[in-house]
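Here's the structure we're looking at; comments come further down.
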């Protein structure tokens with residue numbers, strides 16, 4: 001029998017209601033959300049999230065931002081934005097997938113008017129999957145080259161080197177080269193002239209490199225065979241891709257701290273500069289890094305959550321995963337700056353000269369560092385294996401999230417046995433064709449357009465803002481907490497609702513506005529400025545996702561029937577699945593005693609017909 005406290009809760013379930021919490025949904029026909037495949041073990045979900053969210057940005061972006069923005073002081077805005085911005089949306093996306101039992105698009109049946117959020121996320125994650133794999137392609141190329149002795153980037157005695165080349169670790173001022181030619185290290189020339197075969201600009205695309213084509217093909221094939229059977233197999237692969245990087249990071253840290261100059265590097269990394277707290281850019285960098293590293297706004301966390309058991313404690317999972325993500329970023333900084341400190345001492349320069357972020361750290365700074373160490377091949381192989389594992393974990397789950405959304409939309413009457421394998425192959429083939437443009441001589445310029453615009457902080461912040469609006473304001477923050485109370489067995493902290501309703505949207509919109517106001521045209525290496533049409537392509541990529549939300553809202557409202565109020569009401573009425581009906585009907589029987597002339601049986605019919 002329900003308690004008196006439960007009977008006094010009109011309209012929805014109270015947190016005190018426990019009876020329906022463990023009630024399982026009725027048998028559901030195949031294809032319905034209730035028959036959805038789930039993780040073999042809950043640890044598969046945890047490791048998949050770690051493999052996806054803990055990626056290259058934790059290793060090559062966070063340490064540099066921490067150093068640039070006041071060292072240890074940067075952790076203050078970073079943690080504040082994480083608590084009030086990153087973690088609430090991280091939890092929102094995972095819990096939404098688990099509650100709706102659907103991927104990034106159908107999960108927004110909770111507020112159908114905002115289903116454009118799902119399409120926006122899928123556009124972003126498709127672009128991200130397409131260009132992100134180039135980093136893995138370059139890493140695999142470097143990995144193969146790392147078995148050479150001597151390392152090919154350590155000397156100037158190669159066919160791709162010019163007269164302006166000087167060897168890594170040497171003093172450029174002692175080398176003789178034409179006075180009109182700028183000096184370039186052997187590391188830079190290997191990267192630009194051997195790997196990228198860099199052309200003069202975006203208008204000079206050039207030829208496709210056959211070596212990178214082989215690396216790209218091999219990488220995509222590895223991705224395909226790891227995810228083609230779904231989470232039952234990919235959930236096992238991520239045990240390797242998610243854990244192996246930590247083993248290598250520990251090995252690199254042990255090696256790094258034994259190098260001369262490592263302490264100075266770590267001091268540079270953590271030394272607080274309290275004056276930085278008053279600079280807006282520090283807070284903006286902290287917020288942008290949180291949204292990047294937590295993989296928010298891509299719809300993939302929603303897809304991963306949809307494979308959870310319905311009553312899994314995703315609230316606890318969200319906090320654990322957020323902690324692991326941020327702790328990994330901090331730990332990676334110790335590794336990176338211990339080695340950068342060694343480089344600075346060896347070359348007799350300030351650490352600001354060698355400090356890099358992004359591809360510059362992975363393919364220039366670190367390869368240069370290993371040339372200064374004994375047994376450089378060993379450290380090069382370990383480093384690039386780590387990059388591959390970090391990148392593959394993110395790539396597996398990113399493609400999985402996109403494929404999940406497509407399969408959720410696929411009409412059941414057109415399903416066949418190998419549907420998933422075919423869809424995965426089609427998605428990868430399409431991405432591969434686009435990637436071919438990025439392994440040409442002008443491919444780096446195309447890669448940067450995708451990186452700067454398609455999955456930038458602007459698009460992610462825009463998506464995250466509307467996610468909060470759709471759940472907290474349209475569906476209702478209290479209403480969603482009631483649903484979570486049924487799903488989890490306890491009510492999440494009320495602060496989460498206030499974050500979704502007020503704090504997180506303000507954080508998102510504040511950083512979004514700052515990005516637009518302080519927009520700077522895209523350049524390559526601070527020397528090449530993109531033509532106007534290159535920027536136009538970039539903004540088209542950004543708007544392709546951002547316009548999904550307002551376009552679908554306006555289209556849905558304009559195509560509906562009845563008054564504007566009636567259209568709004570209909571389009572904001574959730575579309576429930578069978579497991580929701582079991583839960584909602586249990587709540588209706590407890591909280592809404594039959595009154596008036598309408599019988600209980602009639603209420604059930606009305607309820608089902610409306611939904």
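Using N, Cα and C of the backbone, Cβ positions are placed for all residues, glycine too.
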Legend entry - From 172-192, 319-339, 340-360, the residue range that Swiss-Prot assigns the feature transmembrane segment: 319-339
Legend entry - Stretch carrying transmembrane segment according to Swiss-Prot (options 99-119, 372-392, 393-413): 372-392
Legend entry - Membrane-side pairing of residue 246 with residue 444, Swiss-Prot annotation: no
Legend entry - The annotated transmembrane segment range in Swiss-Prot, which must be one of 15-35, 498-518: 498-518
Legend entry - Cα distance (Å, whole number) from residue 157 (N-linked glycosylation site) to residue 525 (N-linked glycosylation site): 25
Inset, instruction - Could you tell me which three-state DSSP class residue 525 (N-linked glycosylation site) falls into? - result: coil
Inset, instruction - May I ask for the residues of the chain that lie six or more residues beyond the topological domain 'Cytoplasmic' (303-318) and have a Cβ under 8 Å from a Cβ within it? - result: 21-22, 24-25, 36-39, 42, 45-46, 48-49, 52, 87, 90-91, 93-104, 107, 231, 397, 400-401, 404-405, 484, 487-489, 492, 579
Legend entry - Same-chain residue ranges lying at least 6 outside the transmembrane segment (498-518) that approach it to Cβ under 8 Å: 81, 84-85, 88-89, 92, 280, 284, 287-288, 456-458, 461-462, 464-465, 468-469, 471-473, 477, 480
Legend entry - For the transmembrane segment (282-302), sequence-distant contacts whose Cβ falls under 8 Å of one of its Cβ atoms, 6 or more beyond its ends: 49, 52-55, 57-58, 61-62, 65, 68-70, 73-74, 77-78, 80-82, 85-87, 89-90, 93-94, 96-97, 102-105, 107, 118, 121-122, 124-125, 128, 276, 322, 325-326, 329, 394, 397-398, 400-402, 405, 455, 457, 459-464, 467, 507, 510-511, 514-515
Legend entry - Contact ranking winner - 45-65, 123-143, 319-339, 422-442, 457-477 against the transmembrane segment (372-392), Cβ under 8 Å: 123-143
Legend entry - Residues of the topological domain 'Extracellular' (340-371) by DSSP state, where helix covers H, G and I: 25 helix, 0 strand, 7 coil
Legend entry - Range from 123-143, 208-228, 319-339, 422-442 with most C-beta pairs under 8 A to the transmembrane segment (72-92): 319-339
